[in-house]
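A.B. asks: So TrEMBL says this about it:
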- 1-91: domain 'Cytochrome oxidase subunit II transmembrane region profile' (DOMAIN)
- 27-51: transmembrane segment (TRANSMEM)
- 63-87: transmembrane segment (TRANSMEM)
- 92-225: domain 'Cytochrome oxidase subunit II copper A binding' (DOMAIN)
Amino acid sequence: MSTWANLGLQDSASPLMEQLIFFHDHALLILVMITVLVGYLMFMLFFNNYVNRFLLHGQMIEMIWTILPAIILLFIAFPSLRLLYLLDEINEPSITLKSIGHQWYWSYEYSDFNDIEFDSYMVPTNELSTDGFRLLDVDNRIVLPMNSQIRILVTAADVIHSWTIPALGVKVDGTPGRLNQTNFFINRPGLFYGQCSEICGANHSFMPIVIESVPINYFIKWITN
């Protein structure tokens, strides 16, 4: 989760988030190069006094500053398209989790295991333990195994919600009447926090999500109990 003075992205916990961070750094480097070049040209305009009364056209320079930005855009577009297809790829999931957004809580169903269902509410501040996080902790966490391909189906019962876990690179809109899906792969154990990132009403920021990533044998024990 994010901490104080954390100006960058969260540490990734899935291969997809790693790729998103790589693309972010790649695009940011290109933007910095463009900003420095344009800033230098604008700065030098204040000090140059070049006048050429015979200059009528500059076809060569116009060709350069038309083709060069197109090539730069290709360097952004191709990695972006690759990442877009990677995010949508579903590779034989081991577990399917269904998430249903309500005002103001989430419902979860493990349909692979005899229809295990539970609701997940935010823990009120006056009931929070000393090691809990205000507005982020829930009474029933999602328990998922690490190193397993997980598919999540997201929908909503009332208004549009958005199931978002930044550390996993997952953001899926839950729309009433629709069933959206995505997948993720958690590569380390831990607690991963998220929230509904859709403006779905007055209390839209109070729909936290907590995933507890555990080894597969602990997950089997949790399921059987």
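Cβ coordinates come from backbone N, Cα and C, glycine included.
Caution: TrEMBL annotation is automatic and unverified by curators.
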A.B. asks: Quick test of the contact rule: Cβ under 8 Å, at least six residues beyond the ends. What residues does that give for the transmembrane segment (27-51)?
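C.D. replies: The answer is 72, 75-76, 80.
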A.B. asks: Could you give me three numbers for the domain 'Cytochrome oxidase subunit II copper A binding' (92-225), the DSSP helix, strand and coil residue counts?
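C.D. replies: Its residues fall into 15 helix, 64 strand, 55 coil.
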A.B. asks: What mean pLDDT score does the domain 'Cytochrome oxidase subunit II copper A binding' (92-225) have in the model?
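C.D. replies: Mean pLDDT, the domain 'Cytochrome oxidase subunit II copper A binding' (92-225): 91.
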